[in-house]
Amino acid sequence: MKSSLPGALFQRVADWLRLLRAGNCAVVSLGAYTGYVAGRGGSLPQGVLVAASAALVAAWGNIVNDYFDLESDAISKPWRPLPSRRISPGSAVSASLPLLAAGLALGFLVSPLCGFTAVLASALLFLYSWRVKALGLPGNVLIAFLAALNVVYGALASPEPWRSLLPSAYAFLIILGREVLKGVEDLEGDAARGVKTVASTLGARAALRVSAVLLLAVVALSPLPLLSGYGALYALFAFGGVDAPIALALLKAGPEPRRAWIATRILKVPLLMGLLAFLVGGLA
């Protein structure tokens, strides 16, 4: 009996980390900190506070998303913590509220502007999970906007927040391009549920073209930061870690769901590498 306790505890912790989507929260934290650095923020404690605030609000949003997706996940993702009942919906909601409170409190601690921006982001996250996600393209646009807002959020704690415009544009275009392509991956299920994505309304090939335009816009933006002081480290991450994977994803993408699935997995790389490009470029 005693020997099973560590295993049970590990499983419990792992389930909560899956529910919170710890990896996603880490990327959100990185995005906010990147915005802070891009805006010439020089205080490590201030940057950590705004990054932690963003991660806590994101963790709350991830729980809310799974709560509203409980019925559909019971069919499509029964292994997730909530549909499998390894974590009860009530426990999840109860745990989410302190996360939200802490995230908002840290935001207001940084500045009133950051605090009110965190409140706005929280409201939009709730609306996304509750209603907008099921609308298809509006949900794609909203989640891309929230990714961009996260970068701006970090920059609002810095002296020159306008400098976050380029990294936030990166985030918006990459996320929106990927979300449109995911519509090809999920075409059959979205069509059956009446979700209005580009793919389900205009067809898979139209969605591929829209996604390609958005992602190629990222490639076109890549040289611009070099004109505003970013140097070789930025170029290394941007051209090698963003542009090259985008090119590979577009080559792999196709109207078949399997090919779209491969491309959307590749597109996880340029978002992370794009943030790192602006982070290391801003610190150099």
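Cβ atoms are placed via backbone N, Cα and C, with glycine included.
What you see is a predicted model, and the numbers here were worked out from it, not measured in a lab.
Taken from Swiss-Prot, the feature transmembrane segment applies to 44-64, 99-119, 137-157, 164-184, 210-230, 231-251, 260-280, supported by sequence analysis.
In summary, the transmembrane segment (44-64) does not lie against the transmembrane segment (231-251): fewer than three C-beta pairs, each 6 or more positions apart in sequence, are under 8 Å. Packing against the transmembrane segment (99-119) from elsewhere in the chain are residues 46, 49-50, 52-57, 59-60, 63, 149, 152-153, 156-157: each is 6 or more residues past its ends and has a CB under 8 Å from a CB in it.
Within the chain carrying the transmembrane segment (137-157), a Cβ under 8 angstroms from the stretch's Cβ atoms is held by residues 28, 31-39, 41, 46-47, 49-51, 54, 58, 110-111, 113-114, 117-118, 120-121, 124-125, 127-128, 163-164, 167-169, 171-173, 175-176, 179-180, 183, 196-198, 201, 271, 275, all 6 or more beyond its ends.
Panel annotation: around the transmembrane segment (231-251), residues 170, 174, 181, 212, 215-216, 218-219, 222, 225, 263-264, 266-267, 269-270, 272-274, 276-278, 280-281, 284 of the same chain, lying at least six beyond its termini, place a Cβ under 8 Å from a Cβ of the stretch.
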